[in-house]
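> Could you have a look at this structure, given as structure tokens, before my questions?
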Amino acid sequence: MNKIKNIGVLTSGGDAPGMNAAIRAVVRAAIYYDLEVTGILRGYEGLVHGDFIEMNRKSVANIIQRGGTILKTARSETFKTAEGREMGYQQLKKHHIDALIVIGGDGTFTGANLFTNEFDFPIVGLPGTIDNDLQGTDFTIGYDTAINTVVNAVDKIRDTAESHDRLFIVEVMGRDSGLIALRSGIGVGAEAILIPEANMGVEGLIQRLENGRKDKASKIVIVAEGDEVGGAFNVGEALKQKFPNYDIRVSVLGHIQRGGKPSCMDRVLASRFGVAAVEGVLAGQSGVMVGQVNRELIFTPFDHAIKHIDAQQVSPAWLKLVEILSL
Ligand code: ATP
């Protein structure tokens, strides 16, 4: 007989569009399989402090299309301590919760991995982060929406750039990963893309611009915030000195990249992952993240999922593609 009766669900770390669709799927799947489901507010911070709410099919009505997370999210320093995690475990026992589903990124899974090992407590993760920087899934929930947000914003910037013969440096999110910059950069037809995984540097960029066609009405350079050059303003300054005749403008997109309605891709991914996570828990899965690789659902151990993947996804072939298309 299966002893899982009550599943707890939380969202943690940076919010990502599609987290609500994931919560909805977890709650509806749990109810479908005759389980109780408890919402844990503000990620691990709410776990530690017992900030729990009962969820039912109605509490997730009309949220599939909403950005953010109805369960709120937080970064919890307390959970990083052994005492904090012990407090969290006691809260789960007190509320008769038998398994956890956590929705977040690599930090969330690092914490979940410790917790599941320390207390032998079942946890299944859902990749919810705009960064797409996890192993074991081709795409994370929120990434598709974030790159489309960037593309829509840069298309508008392109209109004004075109009207004034300007060079725009646009900074996008990605402290440790340039995947948002790379994909969206290709999507907007950027002249060059500066990402942490490939050290093009300012010199490389200058060369690219010097070699490029001079009669282009507008030029767009995408910079990932984590690139070694230190952000779009630094790049802008360096270029102004080298090209005093260019009309150079800088734009930092910031938090708009986290907001907005999730794309259909993200809603479907989140829905599929949410149901798979509940079914995984019932089948005895633990210490693993649900993912989709080549269209198949798979479970990957947390310690493997959080290994960084830059070399794999940001291969020279992608950078070559950018160079070829910038002619
Ligand atoms: P995103 O990639 O979108 O920022 P994330 O899940 O990586 O999401 P983090 O803030 O890095 O976001 O992690 C979320 C939470 O996970 C932290 O606030 C903390 O409570 C927990 N966590 C992170 N690292 C550890 C760790 N080494 N030990 C225990 N808990 C951790």
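Placement of Cβ uses the backbone N, Cα and C atoms for every residue, glycine included.
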> For the ATP site that TrEMBL gives with R75, S76, G105, D106, G107, T108, which of G8, G14, G174, G178 also belongs there?
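Candidate in the recorded ATP site: G14.
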> Given TrEMBL annotates R24, A25, V26, V27, R28, G189, A190, E191, K216, A217, S218 as ADP-binding, which of R66, R158, R249, R258 belongs to that site as well?
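My reading of TrEMBL gives R158 as the candidate in that site.
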> Among E197, E203, E225, E228, which residue does TrEMBL annotate as binding substrate at the site that also has T129, I130, D131, R166, M173, G174, R175, R249, H255, I256, Q257, R258?
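Only hit among E197, E203, E225, E228 in TrEMBL's substrate site, alongside T129, I130, D131, R166, M173, G174, R175, R249, H255, I256, Q257, R258: E225.
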> Calculate the distance in Å between the alpha carbons (Cα) of I256 (substrate binding site) and G189 (ADP binding site), and round it to a whole number.
21
> In sequence order, which residues at least six apart in the same chain have a CB under 8 Å from the CB of R258 (substrate binding site)?
G14, D15, A16, P17, G67, I130, G142, A146, M173
> Around the ATP site formed by G14, R75, S76, G105, D106, G107, T108, list the extra residues of the same chain whose Cβ is within 8 Å of the site's Cβ centroid.
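In sequence order, the nearby non-listed residues are S12, G13, G43, G104, T110, G111, T129.
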> Listed binding-site residues are V26, T129, R175, A217; which of them have CA atoms within 10 A of the CA of D106 (ATP binding site)?
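Passing the 10 Å Cα cut: T129.
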> Within the chain of R24 (ADP binding site), which residues six or more apart in sequence place their C-beta under 8 angstroms from its C-beta?
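Within the chain, R24 (ADP binding site) has Cβ neighbours under 8 Å at V60, I63, I64, S271, G274.
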